[in-house]
Amino acid sequence: MEKVWLEAQSNIKKVLTPQTYNTWIKPIRFHTLTDDNLTLEVPSKFIKEWVTEKYLPMIVEAISSLTSVKYQIEFKITEKIPLESKPVDNFTPVIKDNEPSKETNKNIDITANLNPKYTFDSFVCGASNQFAHAASQAVASNPASNYNPLFIYGGVGLGKTHLLIAIGNHIKENNKKAKICYYSSEKFMNEMINCLRYKKMDEFRNKFRKMDILLIDDIQFMAGKEATQEEFFHTFNALYESHKQIVVTSDKFPKDIPGLEERLRSRFEWGLIADIQPPDIETKIAILKKKSDLNSITLPNDVALFLASSATSNVRELEGMLIRLGAYASLTGSEITLNMARDILKDIIVEKTKDITVEMIQKHVAEHFKIKVSELKSDKRLKTFVVPRQIAIFICRELTKSSYPEIGEKFGGKDHSTIIHSVKKIEKQMANDLEIKNIVENLKKELIT
């Protein structure tokens, strides 16, 4: 059966990218076969969970195509440790207990720059960052085991630094003696230049090479800087060979960083590469809700949707908008509303709503309620038409720049007082009827996205 599994792996390899195959399928080994139960070995709980969720049907199909049997597949976490990256027993720090206290304390405060707010608990996980989040947790739980180095890449403001520091905070919380270094590549370079100037390179090298965990942010800034890359290369090798964990972030995939030396690029590809994509609208709303709770800001759902629907995918920019609204509300003693948000943020937010027309809203609402647009615009008083009409008018007022008279004209020439009545009617119903509120918010979300 082991030969069958090797052949199944070979077939799976043909349909996956090399990185995906090497990360998830290649480490799996045949264990036992009992009747219709096939047990495969995986090197970690993380791989077990990820493969079960993402690749189990593919594995079942690959094996059944060779054996004509659909086995019940189970994964067993093996106690074996991959030869490529052996962890130190019990993750023992570099410093020994019997060393002098003066030496023990040297450079320990290097972890002081780990922002305590950046934890896994405060990180909002969504489809766009699920892989990077899971990989970071796996590294933090078992440093220098299966994913060394860990390379996280993605655009500006998507959470790379948050995950990087969360790894450090988690390890620090569970191992007080662990020596953790978090540096930006720019800080690494500046410190190296300083030490070169004052002939303290031995001190510089010892400082980094005595670390248990090295966290380097924005590695792309080393590109084109030969001396810095040379020094980092030797630091990387020293730590890797000592089975110390290395985590690096970048705004690009290693191969896409111009000016990055091939020897560094290849080393980054030794471990696991995880990307963070721009968050979808649901994740952005979840982030805003989490941040508003942490900052004791009352953020209405429609305002959260408005912020999340802005053109930006930069999480830091979203947080900045939230803090700005919270500060204004606090200083003026007012509640945050959609109109306030539009006014306060008009200089920085780009609304997608500018592209939404009354006609688009009419068509979308009519399709949702399974009526004709002509019926939506008519004067028919049946509830079947009145409620959708009022909802459509309300959304037109929310998502377009059209005035009451302009909206009335698009709804069969209705008087502006009728339009105002419809808007107020839906506002009142949304405050008292959760079903109506959900319908309106979902329709708005569908139109915006």
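Positions of Cβ are set from backbone N, Cα and C atoms, glycine also.
Pulled from Swiss-Prot, these are the features on record:
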{"type": "REGION", "residues": "1-69", "note": "region 'Domain I, interacts with DnaA modulators'"}
{"type": "REGION", "residues": "69-112", "note": "region 'Domain II'"}
{"type": "REGION", "residues": "113-329", "note": "region 'Domain III, AAA+ region'"}
{"type": "BINDING", "residues": "Gly157, Gly159, Lys160, Thr161", "note": "ATP binding site"}
{"type": "REGION", "residues": "330-449", "note": "region 'Domain IV, binds dsDNA'"}
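Distribution of Swiss-Prot features across the structure.
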residue : record           : Cβ within 10 Å
Gly157  : ATP binding site : 18
Gly159  : ATP binding site : 26
Lys160  : ATP binding site : 25
Thr161  : ATP binding site : 19
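For the recorded site, Gly159 (ATP binding site), the DSSP three-state label reads coil. Those same-chain residues not listed among Gly157, Gly159, Lys160, Thr161 yet with C-beta within 8 angstroms of the centroid of the ATP site C-beta atoms are Gly154, Val156, Leu158, His162, Leu163, Thr249, Ile276, Val315, Arg316.
Per DSSP, the secondary structure of the region 'Domain IV, binds dsDNA' (330-449) breaks down as 87 helix, 0 strand, 33 coil.
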